[in-house]
């Protein structure tokens, strides 16, 4: 019984980290912390990288919202 409980606890700790690591795509978001940031679509279109197509990442834009953007290497 204790072994089963310990195993379930171990999966509860490890599994969420594994899932979130799979959702993040390589590359980095463009820098919007500039004196005049590039403006983007002023609405949120994503909440995580997996919401975006192919190589795009979910990044902040110049309006303060999250949108799918081409990732920088």
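Glycine is treated like the rest: Cβ placed from N, Cα and C.
The signal peptide annotation in Swiss-Prot covers 1-21 and rests on sequence analysis.
The domain 'WAP' annotation in Swiss-Prot covers 22-72, and the record cites sequence analysis as its basis. Applying DSSP to the domain 'WAP' (22-72) sorts its residues as follows: 5 helix, 12 strand, 34 coil.
Sequence-distant neighbours of residue 59 (disulfide bond) (same chain, six or more apart, CB under 8 Å from its CB) are 29, 30, 32, 66, 67, 68, 69, 71, listed in sequence order. Taken from Swiss-Prot, the feature disulfide bond applies to 29-59 (among others).
The disulfide bond annotation in Swiss-Prot covers 42-63 (among others), and the record cites sequence analysis as its basis.
Here the Cβ of residue 46 (disulfide bond) has 17 other Cβ atoms within 10 Å, regardless of which shown protein chain they belong to. Residues or ranges marked as disulfide bond in Swiss-Prot: 46-58 (among others).
Of all Cβ atoms in the shown protein chains, 20 besides its own fall within 10 Å of the Cβ of residue 68 (disulfide bond). Taken from Swiss-Prot, the feature disulfide bond covers 52-68 (among others).
Ranking the disulfide-bonded residues 29, 42, 52, 58, 63 by how many other Cβ atoms lie within 10 angstroms of each Cβ puts 42 at the bottom. Across the structure, residue 58 (disulfide bond) and residue 52 (disulfide bond) place their CA atoms 7 angstrom apart. Residue 63 (disulfide bond) and residue 52 (disulfide bond) have their C-alpha atoms 18 Å apart, to the nearest angstrom.
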